[in-house]
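Worksheet: the structure to be examined is printed underneath.
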Amino acid sequence: MSRSPSLPERPHLDLDPEMSDAERLSALRQHFERMVDVNRELDQRLQNADDRHAELVDEVDQMKARNEALKTASYYIATVEELTDDGVIIKQHGNNQEVLTEFAPSLNIDDIEPGDRVAINDSFAVQTVLDDETDARAQAMEVVESPTVTYDDIGGIDEQVREVREAVEQPLENPEMFAEVGIDPPSGVLLYGPPGTGKTMLAKAVANETNASFIKMAGSELVQKFIGEGARLVRDLFKLAAEREPVVVFIDEIDAVASKRTDSKTSGDAEVQRTMMQLLSEMDGFDDRGDIRIIAATNRFDMLDEAILRPGRFDRLIEVPKPAVEGRRHILDIHTRDMNVADDVDLDALAEELDDYSGADIASLTTEAGMFAIRDGRTEVTGADFDAAHEKLSNVDESGTGPISGFTDYQY
């Protein structure tokens, strides 16, 4: 009879006095095996019970922690303004109320400095020091993995590549040379020119070649809906740059946030101008030979405000034009080096024909030529394929619907 419904049946042994020694030995062995099986099952159940007990203890601890958190009063966020002999002056976030208060006994006053973010209770007493606040959007702009673009992937703008490397890479890699010569390196580089000429690729190559951190953003990302958000994002962006130096900051399409100021009274235009003021202030705030280099790019140079173009902010204004015939030939070499090109393809003649083509247009041309070969079931790209691709893009351009239409008289 079992002691408990939850326990296995205890084996019972009845030996007949008339059994022989061999029968008695066999019965004892079978009884022993049943006892071992029952013991093994009890051990497993005990282990399961111990595991369940540990889970329940953990749940109880979590519930106690939640209960304590629910009973704890919420804190307010404030910034330390000044440390005095009478206490600490804080400014509460939200209402900007300034209060003279005290620290909690557990805090060490030597670890607190003006500007620190702190948590205060209902009595305004400082309870704990918080980490520095950085907008998550600014942190997301940091490029963790460098792009794969190299300077060898860029053609037709060798002079521009040299100027960018002088202004961005050399001050980071060899600042002593500038000090010995007695000059300050350019504090910023602005790349301007029509679309598709390699401005963004040049910035990607810098990110790949340099050992510095790389922060990439678009000017439109700084244009925010609510008042002050854009300026705050700019502050956090440059604060992140200061923490990551040496660093290269790349602002693409900067005309979205640095266009000429007007007399417009709309709230949207006013917010864009406030953001630009913060950007101008941050660009002026670094030492000339600091470890922060700024690259910006735009294809609307005519829209930029004069304040952002002055020396001290962007010391080098580098025009990135459409390539000449030698540059087009170099770009064709770059985009066809991995292609299976037939012997009848004359890249020199093709470069002569591609007048007014940008680097992006030439890349599109080589892709179209490859598509014509695939369409015919061939793995080799012939001169006829390039001619067909050229004709196709030219027809698209003339129709006014293609990616290269309207660039002949493009103003920048």
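Using the three backbone atoms N, Cα and C, a Cβ is placed for every residue, glycine included.
Segment annotation: Swiss-Prot labels coiled coil over residues 28-74 (candidates 28-74, 357-403). Cross-referencing 13-16, 245-248, 329-332, 409-412 with Swiss-Prot places the feature region 'Docks into pockets in the proteasome alpha-ring to cause gate opening' at 409-412. Around the Cβ of M201 (ATP binding site), a 10 Å sphere holds 21 further Cβ atoms from the protein chains shown. Of all the binding-site residues given, namely T197, T200, the one with the smallest number of surrounding CB atoms inside 10 A is T200. Every protein chain shown contributes to the tally, and the Cβ of K199 (ATP binding site) ends up with 27 other Cβ atoms within 10 Å.
Neighbour density at the Cβ, taken as the number of other Cβ atoms within 10 Å, is lowest among the binding-site residues G196, G198 for G196.
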